[in-house]
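One structure is given below, encoded as structure tokens.
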2 protein chains.
Amino acid sequence: MQFEISSELIEKIRFLIEENNNEEILLHLEDVHHADLAEILTELSLEEATYLIKLLDHEKTAEALIELDEDARERILQLLNPREIAQELEEMDTDDAADIISELTPERQQSVIAELVDEEHADHIVELLRYDEDSAGGLMAKELVKVNENWSVTGCMTEMREQAENVTRVHSIYVVDDRNKLKGRLSLKDLLTAPSNSNIRDVYIPQVDYVNVHTEGEEVARIMQKYDLEAIPVVDEMGRLVGRITIDDIVDFIKEEAEKDYQMASGISESVEADTGLLRQTRARLPWLLIGMFGGLGAASIINGFETIMTTFPKLLIFVPLIQATAGNVGVQSSAIVVQGLANGTLKGNIFRRLFKEIILALVNGLSIAIIVFIISSFWFETSYNESVSIGIALMSVIIIAASIGTLIPFMLDKNNIDPAVATGPFITTSNDIFGILTYFLIAKAILGF
Amino acid sequence: MQFEISSELIEKIRFLIEENNNEEILLHLEDVHHADLAEILTELSLEEATYLIKLLDHEKTAEALIELDEDARERILQLLNPREIAQELEEMDTDDAADIISELTPERQQSVIAELVDEEHADHIVELLRYDEDSAGGLMAKELVKVNENWSVTGCMTEMREQAENVTRVHSIYVVDDRNKLKGRLSLKDLLTAPSNSNIRDVYIPQVDYVNVHTEGEEVARIMQKYDLEAIPVVDEMGRLVGRITIDDIVDFIKEEAEKDYQMASGISESVEADTGLLRQTRARLPWLLIGMFGGLGAASIINGFETIMTTFPKLLIFVPLIQATAGNVGVQSSAIVVQGLANGTLKGNIFRRLFKEIILALVNGLSIAIIVFIISSFWFETSYNESVSIGIALMSVIIIAASIGTLIPFMLDKNNIDPAVATGPFITTSNDIFGILTYFLIAKAILGF
């Protein structure tokens, strides 16, 4: 069943575009799914892709444009005039249309909106542009099926068929009162099985999950996931039904968030993909490398400050990489657990209970590692008894400190409304590098006295 | 609208359980959503939770059991006898029932299955148990609505109403032939608007996305996401319709996979959450710490091997943490991009093109960092010109090597069918630590000659 885009197909389409053989192109791409068309567009040159967008049915190209990644879409839209863009937007659901318009410059936004023929559609898009893109208002679409509680089931069926024309998928039918306030819901199944002489008022389900236009996207995702919802209605400050969010948008949202977190943990600060250009890749990566660099130079200053160590106990220096690696690894582990716990709500109880648990864990892991290193350093690296003791105690302390820092920083960021995920990766690693090495030398100094 | 579980409610329920005041408990928990009931259960003691499970309506407790995390569920199920477990399973969809049965010991599985009253349900569960849990067969449920292509639209409506009773959500109606082979689909909307005297054969849509029972879960998620599907039918080797997968299961699957990858990148090898017990936490974390430890000891051996450096160029040693941190950060960044690109399919072209791009990036980033460090080391740390040159060139080389290792390892793992995500985190960091320090000293030795 899977459609595979072969390089033959791409070559064929390239050739047909060059020949301006529109009939053949239409024949080849008639039955292609819009998601596959989007993949084909990314394989073509910018000019070729734009040629196809202008040639093919707007219904299909509009959907394909939605699927494209932002960079590619931006380049194609630059080659279209406002009228052509408006034609694509007419075919989109309001949420997708608003997302795409918001990527244009303010001047272009205005001229595109002016070209929209369907006034209601234009109205809806303008309304959606007002909301923050990560809020429920920014995620919702205006397309939905709603019925008045005072209607009859038969009247409702007729009205509903009409509304359903504009809605790709009917998940739930929302029930509102005369002032458009959300009262409840009905499923198509309920409507099918309801006696036809009854009123909506008698058959609807008054319990309905909903969110407010200002609810954050993450919260919407959490609610929809927790209650296994496939769509959720959105109300305004007055409780009036203004839109609905469907699960496919939430799936995309969850995926994007997960990718962002993963990249953040890997020290990539801007959303990039394998095919993103060099400049943006550098902009996304260099900042973390610079933080790491200053961390490394900080560590160098510390070692430099303990100058006498080099002459009196040079053996201690060879364990610096071990201390540093251990501090980094422990810190990342602890912070990852907290970041994830904060994100999915499994982290209950207060900070101190969490910290206590991490310290117990650190003691267990630290003791295991300290004993192994004590033995190996004594026998393999022939460190003195006091040196080995210093290394072992330092390792234990470093592990406990790293676990504490790794636990506390995400909590602190979260309290200050900063995404705790920024704490993982190079940030924790760098601060742990510095604290780790400082701790190591201070303990060694206390025990060995230099 | 949001239901908040207050500590008063928990206390109240605790008190009522102690008093055996079943009537009051039922009154309090009657209208609670099963997902909220699951949260309440996790707040109670094991005995209290089991008390509620036995008391409340099976329809609700069954759903709540599904929502619980595996550990909590396992403990509760141990306090129920096979008959009681079977009663819960009767209320579940086949996919959930099979998931939960598979968590029991083989002997218990047998005795629970023997207690199932609904023979068809039992049959379906046994069938689902055969599939690998990460395959489409393991993810699918037997509940679906299907019609024969030879039926009339009116006959179909009647039959469908009956089938829909057992199906929580009707996404699509699947059309099969007399031998149960999947032919196409119909939406409820299509059925509503079809002329009632027509046959299914005339109105169904012959294009339908489907997967095979052996398709991997990740591939199912990719297809459903790409084509924005809310349900996908599953066929066997003969093309016969055997089940369907719904988007809510895929949302859970995507979340779990993302969490696993994130944890893997953070050096946590087993799926743990903030509230997981100490033993499993240690088992999940210690292995990576030990790998890091051996990496650190390896680095110690290398420094030890360049003994003369301590006496002739001791200044070089203070930059070891910088070299190590940079190598680690660059390696993780490069591997994260490859791991994500492999996972979401954005990584096109061959390995060498990717490697080339990473090396160019490494040159840009490396040059920036090398220049800054050259200046700072010369003026701040007062290294000699040759020492500064060694450090700068070493940094450049280390960044290029780290980027290459970070790029190549995920590709190699993927080629050998190992999840490339294991490559990120401590694994890459550790190997880069060792290679980085070795490179540093070799270059310094070549330039400074010690």
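Yeah, the Cβs are placed from backbone N, Cα and C, and that goes for glycine too.
Where the annotation comes from TrEMBL, it is an automatic prediction and has not been curated.
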I'm validating the feature mapping. Which of B:318-339, B:428-449 is tagged transmembrane segment in TrEMBL?
B:318-339
Any chance the transmembrane segment (B:393-413) and the transmembrane segment (B:286-306) are in contact, meaning at least three CB pairs closer than 8 A with a sequence separation of 6+?
no
Against which stretches of its own chain does the transmembrane segment (B:286-306) lie, if we need a Cβ under 8 Å and a gap of at least six residues from its ends?
267-269, 317, 320, 324, 425-427, 429-431, 433-434, 437-438, 441, 445, 450
Grab the same-chain neighbours of the transmembrane segment (B:318-339) for me: Cβ-Cβ under 8 Å, and only residues 6 or more beyond its ends, written as numbers and ranges.
261, 265, 299, 303, 347, 354, 358, 362, 365, 369, 373, 377, 381, 391, 394-395, 398-399, 401-407, 409-411, 420-421, 423-425, 428-429, 431-433, 435-437, 440
